[in-house]
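Heads up, the thing below is written out as structure tokens.
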Amino acid sequence: MVSRVIPVEEFDLVIFGGTGDLARRKILPGLFRRFLSNQMPAGSRIIGAARTDMDSDGYRQMIREAIAEFGGDESKDKECIEKFVAQLHYIPVDAKGTGGWEELHDLIRFEVVNAFYFSVAPSLFGDLAERLHSFKIADDDSRVVVEKPFGRDLETAKALNATLAEHFDESQIYRIDHYLGKETVQNLMAVRFGNMLFEPLWNNHYVDHIQITVAETVGVGGRGAYYDQSGAMRDMVQNHLMQLLCLIAMESPSMFDADAVRDEKLKVIRALQAVEPHHIVRGQYDANKDSPSYRDDAEDPRSHTESFVALRCEIANWRWAGVPFYLRTGKKLKARSSEIIVVFKDIGHSIFPGDEKRHRNILSIQLQPNEGMQLQVTIKEPGPGGMRLIDVPLDMTFAEALGPDAEDSTDAYERLIMDVIRGNQTLFMRGDEVEAAWAWTDPLIEGWKARGDVPKLYDQGSSGPEDALMLMHREGRRWHEIKE
Ligand code: NAP
């Protein structure tokens, strides 16, 4: 098959925090896979930068080891690894000091695309941005990539945006939410706006409700103390689930262009209504005989931080008025699964005698672990004996439907980094989007604090607290089962 991947230009990519966990686990192995698929033009360079004192050879060795550990099947090709690491450089730099910055200036080429990935704590963003300018390392065409968390509330997000805006134009800033780099997430837009079938039904006349679930089987493990400062609302809902909600609910942009798409997403966030306290459930996983509780992991026996949250919200606009959106995410749940479920309304009247079941079309969009889609339709049960109806799924698991070409192992990170090099901001959050998302989540978090809300305990390996099930049951609905 002829590749239709848009090529990238030659680039210099500086990774601040190039020795950190994210760089070793995701960014560098991802770039290596891009190198293997000829997406890293000859002459391009990746420059690690952090305080650790080492030379480029030391860094190459660090990344060889990272690729061996996190690079998957591709990591066995020693010759390719050597060619890749030859494109790596390292400069010891302290974001808060002056050492190393002149050397970085001398290394960077202004005649190629240059990008600066801030894979460091957000408290260092301002120092990095300021030095990139004062040492004249970045210019008006440079790009900066920043990692989540983008603030911990509206105030801190505004401060971060203001800090970056002092030195960079919004068109140069790429705020990463790796969920937006997933194949199926982009496919959401293709399905909605590339088909005649769905869009006419995509509104409150035909949709009963929508569910978005991001379930994890892992706990907070070794990063409990860090996670305890955040919780599921800040860590998952404010960014990932909100982005999925926007893509599923937004109006059609006039074209597939960064600002057109982001304008529409922003309108969705701004139309989100405040959530009533009884429409939100928080949970913490309990201990079992093999595994500690959330509070043990967080090393705080009195922690009120949630490892699970489920909520019901509504979007106040003509398309969605009255349609509930149920969002749910949590740790130590029964399966690792991210999916969006669009449940259409019952048929108004059945012409088939004896058929009392409420038949509904359900569109399930799986984001992980397997990417695909299923549409539940009602058909006649085969065989004699009259008209009996059954619901069957039309399965569109991409790997099966499209063959080996669908098995695009492109990880979200590598896809997004290449979009930075291409200068395509469509899959990155704009500053006003992030602020609007915090403006919606802040009152929920403050409400818990004001009410002294205590998260409900739930069993590890379950679907979350009972109350989360009740959130839907009391409205005559049920969650789609969490399964891989
Ligand atoms: P990490 O393992 O603690 O790495 C931090 C990096 O920053 C190290 O390379 C460290 O190297 C460098 N650093 C620290 N202080 C510095 C300074 N003053 N000047 C220059 N470099 C400095 O953290 P991480 O897990 O990679 O996370 C990096 C960022 O990504 C954070 O904002 C995090 O929230 C975000 N993030 C991480 C993940 C993940 O899976 N890890 C996922 C999503 C988002 P030296 O000690 O050598 O300076």
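Note: Cβ is positioned from N, Cα and C throughout, glycine not excepted.
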Message = According to TrEMBL, His178, Lys182, Asp235, Lys331 bind substrate; which one of Glu155, Glu216, Glu306, Glu356 is annotated to that same site?
response = Glu216
Query = So which of the recorded positions His178, Asp235, His240, Lys331 sit close to ligand 1, that is, with a CB under 6 Å from an atom of it?
reply = none
Note = binding-site residues considered: Gly17, Ala23, Arg51, Lys182, Lys331; fewest surrounding Cβ atoms within 10 Å belongs to Arg51
Message = I'm trying to understand the geometry here, so how far is the Cα atom of Glu216 (substrate binding site) from the Cα atom of His240 (active site, proton acceptor), in Å to the nearest whole number?
response = 13
Conformational class of Gly17 (NADP(+) binding site) under the three-state DSSP mapping = coil
Note = Closest by Cα to Arg51 (NADP(+) binding site), out of the recorded positions Lys182, Asp235, His240, is Asp235
Request  = List the same-chain residues at least 6 positions away in sequence whose Cβ sits under 8 Å from the Cβ of Asp21 (NADP(+) binding site), in sequence order, or say none.
outcome  = none
Ask   = Going by C-alpha positions, which of the binding-site residues (Thr19, His178, Lys182) is nearest His240 (active site, proton acceptor)?
value = His178
